[in-house]
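K.L.:
Before I ask anything, let me first share the structure, which is written out below as structure tokens.
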Ligand code: GDP
Ligand code: MN
């Protein structure tokens, strides 16, 4: 039974990778910022949110809560992941979003949240550390809507996605009630005009003309923010109309294009690396493109395309990659050694697969790095290597003369098969 399950999940993984590439690769080129930072950006762009204050300790949260004139507030874990409301903390506390009445309750909840990990359907089992909370004025929603601006592959334009079924996961709405989602492509030279925005707001069914107008202005300003800040994602869920007649963003998730870092310093200064995987941060310092996956074959490859292909070939051979790692075109022996350290840093890794196509990158430089790393790091797991291209012969000679137990191949499929076999037999 177990063998069948393993087989089935690997087949599913292989199928998904062949179609889409590894799922976890897609979001890593974007900077995400915390909700309270996102709300500051919204306010700067004339978009309404409830009043809010961040806090990084229980005492600070207590003091912040007292500034809301005795009105009810919400306390929200500042963790870079969606689904906080329905998440739970590693200490057992249910929910990353709580509606509370007194500053004392805020202090107690902040005490439990700060320093603990919040687990949501987006974080995986490990969860993410909560180092701050946001205290916001609680508002009574009369209705919850959804609004997002994203880049759309199909139209190759930014699109506004809006729905009157907000507050829940938009993926569920898309599945169960696709007609409730209005998608509007935006001409990026003209932006979103107020008339179009107003038509969308009208279709969504805001309960008065005044609210419709406020919603339309919100959409226009959300697009301006998206455009001016090189955002890749502006997602408001929920966008609400309140019982006292206001349109407000109760939650905000902003993502930004990392290629725009050079001209968006103000935004990129808001990066919080405590929310990122430490090994991925470390890799970044060495110019390595490293993303953890959940398999057991450590991969070291040059070039993102070849790295993706390598993951596919391993999957097709029934293996599970432990990571995506592109050492780039200019890696030196030190970077290769660092790469090995990162691969070996995971207790799950049972075999290492090096797949290098030497173009600008010379195979002998890689071989030197491998040999150095193998000796210095006392490598105990099998190492399968495929080197082709520039200085291939020199590289092979180096490996041979090193007398290290390295399994060398020319053919990619054979090499992948060997890596999969060795990972299996090491279990
Ligand atoms: P997420 O779960 O990470 O998306 O966090 P949200 O900030 O969206 O909070 C989860 C849910 O809490 C929202 O969908 C709202 O339904 C609810 N919520 C958030 N702020 C308020 C508020 O001020 N008043 C009320 N009544 N509900 C709120
Ligand atoms: Mn939300």
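Yeah, the Cβs are placed from backbone N, Cα and C, and that goes for glycine too.
This is the feature table in TrEMBL:
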- 76, 83, 84, 85, 144: ATP binding site (BINDING)
- 237, 251: Mg(2+) binding site (BINDING)
- 302, 359, 360, 361: substrate binding site (BINDING)
- 39-267: domain 'ATP-grasp' (DOMAIN)
K.L.:
Just to be sure I understand the contacts, which binding-site residues have a Cβ under 6 angstroms from any atom of ligand 2? Candidates are 76, 144, 237, 359, 360.
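P.N.:
Within range of ligand 2: 237.
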K.L.:
For the C-alpha pair, I'd like the distance in angstrom between residue 359 (substrate binding site) and residue 144 (ATP binding site), rounded off.
P.N.:
54
K.L.:
Since the record lists 144, 251 as binding-site residues, which of them has the fewest other Cβ atoms within 10 Å of its Cβ?
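P.N.:
Comparing Cβ neighbour counts within 10 Å for the binding-site residues 144, 251 gives 144.
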K.L.:
Can you tell which of 76, 84 has the least company, meaning the fewest other C-beta atoms within 10 angstroms of its C-beta, among these binding-site residues?
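P.N.:
Relative to the other binding-site residues in 76, 84, 84 has the fewest Cβ atoms within 10 Å.
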K.L.:
Measure from the Cβ of residue 359 (substrate binding site) and count the other Cβ atoms within 10 Å, all protein chains considered.
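P.N.:
So the number of other Cβ atoms within 10 Å of residue 359 (substrate binding site) is 13.
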K.L.:
By CA-CA distance, flag whichever of 76, 83, 85, 237, 251 among the binding-site residues is nearest to residue 360 (substrate binding site).
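P.N.:
Closest by Cα distance to residue 360 (substrate binding site) among the binding-site residues 76, 83, 85, 237, 251: 83.
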K.L.:
Once the chains shown are all counted, how many other Cβ atoms turn up within 10 Å of the Cβ of residue 302 (substrate binding site)?
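P.N.:
Within a 10 Å radius of the Cβ of residue 302 (substrate binding site) lie 26 other Cβ atoms.
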K.L.:
Quick one, of the binding-site residues 360, 361, which Cβ has the fewest other Cβ within 10 Å?
P.N.:
360
K.L.:
For the binding-site residues 302, 359, 360, 361, which sit with their CB under 6 angstroms from an atom of ligand 1?
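P.N.:
Going through 302, 359, 360, 361 in sequence order, none turns out to be close to ligand 1.
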